[in-house]
Amino acid sequence: MTTAPTSPALPASSDTAPTGPAPRGLHVITWGCQMNVYDSARMADVLRPLGYGPVERPEDADMVILNTCHIRERATEKVFSELGRLRKIRDERMSNGADRTIIAVAGCVAQAEGEVILTRAPYVDLVLGPQTYHKLPEMVARAARAGGAVIETDFPVEQKFDFLPTDAAPQTQGNLTAFLTIQEGCDKFCSFCVVPYTRGAETSRPVASVLAEARRMAESGVREITLLGQNVNAYHGDDGKGGSETLAGLVEQLAQIPGLGRIRYMTSHPRDVDQSLIDAHRDNPALMPFLHLPVQSGSDRILKAMNRGHTADEYRESVRKLREARPDLALSSDFIVGHPGETEEDFEATMQLVRDIGFAMAYSFKYSPRPGTPAAGQPMQVPEDVKDRRLAELQALLREQQDAFNADMVGTVQEILVTNRGRKPGQIAGRSPYLQPVHFDGPDHLIGSTVKVAITTRRTNSLGGTLIRETASAC
């Protein structure tokens, strides 16, 4: 940890839990992936003993954390723009007699650009990478003592897992769905991706730790968890017996937790789809029939340039095996168009793969160079207008497939986890095994239950249906 004398003294902090209600406001701004959502919740957890409780507006906060993402283009400039806004809010609070708001930058931009942040925004108090949020209380105390900014961007991911709070997070209490990080980092080094440089090497959380948090979540009312990891199907957590457990084995153990009726996982890498995971989709009804399996391109030449480690046909074969094991399995994926060197032939290969597979959902983006990644320095960068055209064509095909998938739901009966009231009086809502929002008439007491619903209509981004009342059951 390094300390830079660049900011006025912070409010004094306590290392003991308060005896009354949380006297300090905490506002967390989260950008990026589901793992950042999980990390933001855990940062709030570790700050609770210092008296911090959530507030909805940064204007009411004694501490603001900006949890950042470095994946998309212009991520760093977006951070500095937001920091400028937060500085104005802090200055206005102080002019009205409030204590000085602590401004912290966390996440992947902090990891990659920590020193730059303190140089360009010296009013920032704390800079911490995604593996060090468990050190937040120490960092707050140190910054208060030193009267300066504190930066912590090491990669002690094992320590992060060791120091997770042992009680159920307020963010999951009362919620029916939750994220649970089980693996971090990436060893794949795809040419376009910054994750290995911001999240570090692949590391898996011990089985006992995962199970303990999942049990706490279930006891607090969570009925569906999504297991998170940059390469979640590369999970190899310590099993406590001198060996390691696979993702399939972990899912089997999680499915035995009372009250936990649904399990999902993301994000997967095609190289790590093994037979045990395929068998889990066949044998474990708690594992939802919806899989996010990014392929990025349908061209073998571009896949090689991306350093993906598999071919388009190997991806097709993995999908074939998964669908053979679980015929109702639906897929989503990620695509990048305009990777350096991509030709019209390469792009057409991607379009053909999409036609061959058929996706229920997908995310597609134009390639944008990320500083420090191999692809950023590759020749034959594709012109922006070409990338725009290809992206539009790909997205049109993907939308067509998503619409067809949703249309195929009409006339089927789906098990819906009821999560909330609907927008209309007398209406409740939930989500299908395929993550589609479903709205239907029903009583509020069904919230938290899994019910069977006959799907009768499809809308642009949701489904409508009729409750089959006699099948209502607890998840």
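Cβ atoms here come from the backbone N, Cα and C positions, even for glycine.
As stated in Swiss-Prot, the feature region 'Disordered' covers range 1-21 out of the listed 1-21, 442-462. Looking at Cys108 ([4Fe-4S] cluster 1 binding site) and Cys193 ([4Fe-4S] cluster 2 binding site), their Cα atoms lie 12 Å from each other. Cys190 ([4Fe-4S] cluster 2 binding site) and Cys69 ([4Fe-4S] cluster 1 binding site) have their C-alpha atoms 17 Å apart, to the nearest angstrom. Other residues of the same chain near the [4Fe-4S] cluster 2 site, with their Cβ within 8 Å of the Cβ centroid of Cys186, Cys190, Cys193, are Lys188, Phe189, Phe192, Val194, Val195, Pro196, Gln230.
Listed in sequence order, the residues of the same chain lying 6 or more apart from Cys186 ([4Fe-4S] cluster 2 binding site) and placing their CB within less than 8 Å of its CB are Cys193, Val195, Pro196, Arg199, Ala201, Glu202, Gln230, Asn231. Shown are the binding-site residues Cys33, Cys190; of these, the residue with the fewest other Cβ atoms within 10 Å is Cys33. Listed in sequence order, Trp31, Gly32, Cys33, Asn36, Ala75, Gly107, Cys108, Val109 are the same-chain residues six or more apart from Cys69 ([4Fe-4S] cluster 1 binding site) with CB atoms under 8 A from its CB. With respect to Cβ neighbours within 10 Å, the binding-site residues Cys108, Cys193 differ, and Cys193 shows the lowest count. Excluding Cys33, Cys69, Cys108 themselves, the residues of that chain whose CB lies within 8 A of the CB mean position for the [4Fe-4S] cluster 1 site are, in sequence, Trp31, Gly32, Met35, Asn36, Thr68, His70, Ile71, Gly107, Thr198.
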